[in-house]
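First up is the structure itself, then whatever we jot down about it.
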Amino acid sequence: MPVSTVSSWTDTVADTRSLVQFRTSTIRQKGRTRWFTGILITLTLLSAVTPAFLPGAADYTLKHSRAFEMFLLLPTAYAGFLALTAISAVASGGGRELVARDHAVAFPISPAVDHLGALLMAPLNIAWLLQGWMLLGLTAYVVGPAALVFAHVIALLWLVFATALAQVVAWTMEAIRRGPNGVLWVRLITGAVGLAAVLLIVTKHVSVVLDHLPTLRLVAVLAGLTQGVGIAYPITLLILVALILGAVLLGVVPARAALRRAPRDEARIETGTFPARPNPAGPFLAMVRMDRSSVWRAVSLRRGIYLLAAAPGLIALSGSLEWKMLTILPGLVASGAALLFGVNAFCLDGRGGLWRDTLPVSPSLAFAARSWVLLELLLVSSATTLALAALRAGRPTVEEVTALLCAWLVVSVQVVSLSMRWSVKQPFSVDLRSARATPAPPLFMVGYSARLALSTTIIGMIFSGLAQVPDWRASVMFAIPFVVWSFVRLMRVRGQWADPQQRSRVIATVSA
């Protein structure tokens with residue numbers, strides 16, 4: 001008969017604390033971790049405090065003031081944080097693992113502990129952090145310095161509640177996916193949600209939905225803080241605390257249902273049969289085919305690619321972005337796609353890395369094949385996003401199209417060169433067979449995300465400005481140095497990979 005591994009909620013908390021200590025004890029560079037944590041805390045404080053002291057903060061003397069416009073956007077921003085957090089958790093199969101699956105088999109980890117671990121790991125994500133900073137900044141600008149502390153208590157409680165509720169949704173979807181005909185049901189649910197979103201956009205009913213969001217009441221309480229703290233404030237705090245506790249406890253139910261079932265997507269890939277195809281025309285094409293198959297047979301990569309290709313494009317489609325603003329999208333999608341595996345590209349081989357290195361091909365050719373597959377992934381996923389966003393962007397000029405194409409190429413090549421450099425410099429052993437796996441530890445992922453987001457956003461803004469220059473050749477001339485420099489840097493990394501000692505270090509790490 002089944003025996004529970006947890007006897008009370010205190011044991012669950014104690015087990016989670018032990019796993020956190022186990023995870024942190026494996027960190028090799030303690031000083032860098034403290035330094036990085038300090039940077040995150042500093043950025044959080046800056047984003048939460050600085051906007052309250054900007055000109056126009058909490059100024060409602062004019063009906064169409066900047067503060068009033070931010071106040072109108074705040075309910076949508078709060079609801080959007082919940083939606084995007086839920087989508088990310090669903091795509092990762094219930095949230096990130098506190099301890100990798102291969103390491104966790106030696107410990108009696110209950111579903112409740114796994115659920116709490118996923119909640120703790122959720123903020124260690126650049127998308128979560130950026131959205132959280134944006135919400136704190138908007139809240140500070142709306143309420144001003146007088147009510148800043150009171151408002152941020154509500155904002156922080158909302159971030160916790162939204163994360164906990166997103167985990168409930170994610171575990172529920174994962175439980176459905178692992179049940180009878182689960183993959184079909186998940187696709188039907190996803191298709192229905194996507195179709196509903198498209199219908200709202202086409203019929204122009206998005207504003208009607210936004211006007212009836214539950215977050216309107218929350219924002220009304222925040223706005224009331226500018227007039228003083230009333231009885232609505234403590235009531236709101238009590239409601240949020242109760243909702244947080246309820247969401248955390250409720251998440252254990254679908255987590256238990258999901259984790260007691262075998263992951264169907266992973267099992268189907270590992271036990272499936274694949275018919276042989278004709279031999280490729282040469283060694284390079286053979287290596288490319290092998291790497292492509294490795295990408296598409298990894299559940300986490302396949303889900304991530306679909307999400308990155310569709311989600312930003314649908315958001316841009318609903319917002320009717322202009323062509324000069326679309327230059328931001330290629331960098332956003334390319335950065336996200338690289339974080340699926342590109343920042344630790346050789347972990348794609350896993351234990352097969354030793355076998356792959358024994359193939360009778362040159363190391364430079366194997367490196368070129370891996371770089372090409374990563375570039376393909378970035379180009380195709382960002383092209384899908386741009387195609388969706390262009391549907392409602394209007395008729396472009398030649399300068400706008402040229403700037404967009406140049407930005408698309410520049411950020412893709414730039415991200416490939418950065419990713420391959422990190423892959424050789426700092427490899428990690430990761431099992432990408434799990435839908436919940438990430439190619440690097442959480443803090444490294446945050447650092448990679450920040451670096452990629454910063455560089456690609458700057459490139460996108462530059463080409464957004466070049467789109468307004470009345471000569472399409474300006475974008476081309478500006479793109480050439482970026483592409484050449486990225487290619488030169490990629491060739492340097494290829495030289496490092498060709499060194500037997502460097503290559504052996506990487507392969508020994510990723511195949512451990």
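Cβ coordinates are placed from backbone N, Cα and C, and glycine is handled just like the others.
The transmembrane segment annotation in TrEMBL covers 35-58, 70-95, 116-143, 149-172, 184-203, 231-253, 304-321, 327-348, 369-389, 401-422, 443-466, 472-491.
Below 8 angstroms of C-beta separation, residues 371, 398-399, 401-403, 406-407, 409-410, 413-414, 416-417, 420-421, 459, 462-463, 466 of the same chain, each at least six residues beyond the ends of the transmembrane segment (472-491), sit close to that stretch. Note on the transmembrane segment (443-466): residues 27, 33, 36-37, 40, 124-127, 129-130, 324-325, 327-332, 334-335, 338-339, 343, 399, 403-404, 406-407, 410-411, 414-415, 418, 422, 426, 428, 474-475, 478-479, 482 of its chain, located 6 or more positions outside it, place their CB under 8 angstroms from a CB of the stretch. By the Cβ criterion (distance under 8 Å, sequence gap of 6 or more), the transmembrane segment (327-348) is not counted as touching the transmembrane segment (149-172), fewer than 3 such pairs being found.
Remark: the transmembrane segment (369-389) contacts the transmembrane segment (401-422), by the rule of 3 or more CB pairs under 8 A. Through the fold, the transmembrane segment (70-95) approaches residues 60, 115, 118-119, 121-122, 125, 127-128, 131-132, 134-135, 138-139, 141-142, 158-159, 162-163, 165-167, 169-171, 173-174, 210, 213-216, 218-219, 222-223, 255, 258-259, 263, 299-300, 303-304, 307, 311, 434-436 of its own chain, all at least 6 residues removed from its boundaries and within a Cβ separation under 8 Å.
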